[in-house]
């Protein structure tokens, strides 16, 4: 029964950490509201959100695999969310020719794809550093 309870516990932690992460990203986004854009069919924003969800979950999977307690998983999940935010801010900072946020709002799917790549790619680096 213990493995089942642990699985349920980790699942619930993952859901909570993802929801908190998405909420924080929503607050960080100033040029649009994520879910309004998704509801309106903005594929670039949807891709960006999907990348964030996948990225957070990748970091959490490493945290679950390498942590000894649920508290460790929560801590590393929080660190992962914070580092994903830093990655997003750096992505915006290093694209001086245009605003990533504005391009996502404009439904530029090329920027959405790169955003997914940044989130997922750096999630593996963040996750591997947990070990």
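Backbone N, Cα and C define each Cβ position, glycine as well.
Those TrEMBL annotations? Automatic predictions, nothing curated.
Positions annotated as transmembrane segment by TrEMBL: 6-28 (among others).
Here TrEMBL flags 49-68 (among others) as transmembrane segment. Cβ atoms under 8 Å from those of the transmembrane segment (49-68) belong to residues 10, 13-14, 17-18, 21-22, 25, 34, 38, 76-77, 79-81, 83-84, 88, 115-120, 122-124, 126-128, 130-131 of the same chain, restricted to positions at least 6 beyond its ends.
According to TrEMBL, the feature transmembrane segment maps to 74-91 (among others). Only residues 6 or more beyond the boundaries of the transmembrane segment (74-91), in the same chain, are considered here, and those with a CB under 8 A from a CB of the stretch are 13-14, 17, 20-21, 24-25, 28, 52, 55-56, 59-60, 62-63, 66-67, 100, 114-115, 118-119, 122-123, 126-127, 130.
Residues or ranges marked as transmembrane segment by TrEMBL: 111-130 (among others).
Cβ atoms under 8 Å from those of the transmembrane segment (111-130) belong to residues 43-48, 50-52, 54-56, 58-59, 61-63, 66-67, 76, 79-80, 83-84, 87-88, 91, 100, 103-104 of the same chain, restricted to positions at least 6 beyond its ends.
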